[in-house]
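This report refers to the structure that appears directly beneath it.
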Amino acid sequence: MTRVAVNGVTGQMGGAVIEAAIDSEVVVGFATSDTDAVDGVPVVHPAEAAAALREYDVDVVVDFAVPEGALTVAEACVEVGVPMVVGTTGFDEDGMGRLKDASEEVPLLKATNFSQGIQVLQRLISEAVETLKDYDLELMETHHNRKVDAPSGTASSILDVIQEERDVEPVYGREGHAPREDDEIGVFARRAGDIRGEHELVLAGNDEVLSLSHRAEDRGVFAAGALDAAAWLVGRDAGWYEFGDVVDA
Ligand SMILES: NC(=O)C1=CN([C@@H]2O[C@H](COP(=O)(O)OP(=O)(O)OC[C@H]3O[C@@H](n4cnc5c(N)ncnc54)[C@H](OP(=O)(O)O)[C@@H]3O)[C@@H](O)[C@H]2O)C=CC1
Ligand SMILES: O=C(O)C1=N[C@H](C(=O)O)C[C@H](O)C1
């Protein structure tokens with residue numbers, strides 16, 4: 001069985017990964033709060049991650065935490081030579097650069113969304129935006145009220161996909177006198193209740209509206225995808241990998 005360490009083990013996704021681990025074993029977790037164990041999994045401070053990766057003979061790290069915590073653990077992975085799956089979102093340019101540096105030393109797979117449906121959605125969006133060249137585009141995402149980063153990592157990835165096809169300028173919300181420019185895309189983030197994650201792209205023009213959307217119904221979908229990615233990553237060469245590589249395998 002693949003021996004997994006979970007970064008952010010005390011969080012919502014940390015719990016979902018422990019629950020989803022059937023073909024793999026979560027042997028240790030990292031978190032900053034003063035917790036000894038989660039569901040029988042020992043919890044270690046991220047500052048001690050390198051020692052724990054050795055002590056628990058970890059094959060791969062699965063990370064759902066905060067950017068600074070992910071970067072601390074990525075450095076430990078480099079030190080010990082352990083592959084890492086990064087699910088945390090909200091990295092700035094410097095953080096992304098540090099992850100890229102880590103991927104030169106160990107296999108590192110980063111995805112803003114570990115659901116297979118989002119992979120397909122991104123491909124459909126690419127085709128729709130390429131075909132419906134002059135349709136207006138508006139992007140919406142909705143998440144639970146505890147989410148701290150906005151727009152979601154997935155929405156940012158969808159925007160990247162769109163920008164590969166069309167030169168659009170994101171406008172994050174609108175207020176007051178805000179006439180729409182032809183080359184803009186409105187991006188909207190809603191936060192409410194325990195909504196797991198909804199993303200929708202609307203393409204409108206020529207007296208018709210096309211809506212492409214995805215809704216995650218349980219955090220288990222992300223946990224299962226990340227564990228699939230982890231099993232796939234073990235034994236690979238150092239480098240930067242994406243979830244599409246796993247889905248297409
Ligand atoms: N890629 C994907 O498919 C998905 C990505 N996500 C992303 O995963 C991340 C976590 O989401 P979620 O579980 O809902 O968030 P939570 O707030 O529930 O959990 C965050 C976890 O990070 C821990 N943490 C805080 N600081 C550090 C640190 N310095 N080092 C290590 N761990 C730390 C917290 O524990 P403590 O305070 O004890 O340290 C907590 O366990 C977010 O960025 C979210 O966007 C979420 C779902 C799917
Ligand atoms: O924080 C979440 O919950 C989620 N975060 C990811 C994101 O920012 O896109 C993925 C998913 O939508 C759930």
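Heads up, the Cβ atoms here are built off N, Cα and C, so glycines get one too.
Going by TrEMBL, these are the annotated features:
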ACT_SITE  His143  active site, proton donor/acceptor
ACT_SITE  Lys147  active site, proton donor
BINDING   Gly8, Val9, Thr10, Gly11, Gln12, Met13, Asp39, Gly87, Thr88, Thr89, Ala111, Thr112, Asn113, Phe114  NAD(+) binding site
BINDING   His144, Gly153, Thr154  (S)-2,3,4,5-tetrahydrodipicolinate binding site
DOMAIN    3-114  domain 'Dihydrodipicolinate reductase N-terminal'
DOMAIN    117-246  domain 'Dihydrodipicolinate reductase C-terminal'
(request) Out of the recorded positions His143, His144, Gly153, Thr154, give me the one sitting nearest to Asp39 (NAD(+) binding site) by CA distance. (result) His144
(request) Tally the residues of the domain 'Dihydrodipicolinate reductase N-terminal' (3-114) by DSSP class, grouping H, G and I as helix, E and B as strand, and everything else as coil. (result) 44 helix, 29 strand, 39 coil
(message) Taking DSSP as the reference, which of helix, strand or coil describes Gly153 ((S)-2,3,4,5-tetrahydrodipicolinate binding site)?
(response) helix
(request) Within 10 Å of each Cβ, count the other Cβ atoms, then let me know which of the binding-site residues Thr88, Asn113, Thr154 comes out lowest. (result) Thr154
(request) Fewest other Cβ atoms within 10 Å: which of the binding-site residues Gly8, Gln12, Asp39, His144 wins that one? Let me know. (result) Asp39
(request) Have a look around the residue listed as 'active site, proton donor' and count the other CB atoms within 10 A of its CB, chains all included. (result) 17
(request) Check the domain 'Dihydrodipicolinate reductase C-terminal' (117-246) for me and report the mean pLDDT. (result) 98
(request) Return the members of Gly8, Thr88, Ala111 (the binding-site residues) with CB less than 6 angstroms from at least one atom of ligand 2, or none. (result) none
(request) Please list, in sequence order, those recorded positions from His143, His144, Thr154 with the Cβ less than 6 Å from ligand 1. (result) none
(request) Please classify the secondary structure at Lys147 (active site, proton donor) using three-state DSSP. (result) coil
(request) Report the nearest neighbour of Thr10 (NAD(+) binding site) in space among the recorded positions His143, Lys147, Thr154, comparing Cα positions. (result) Lys147
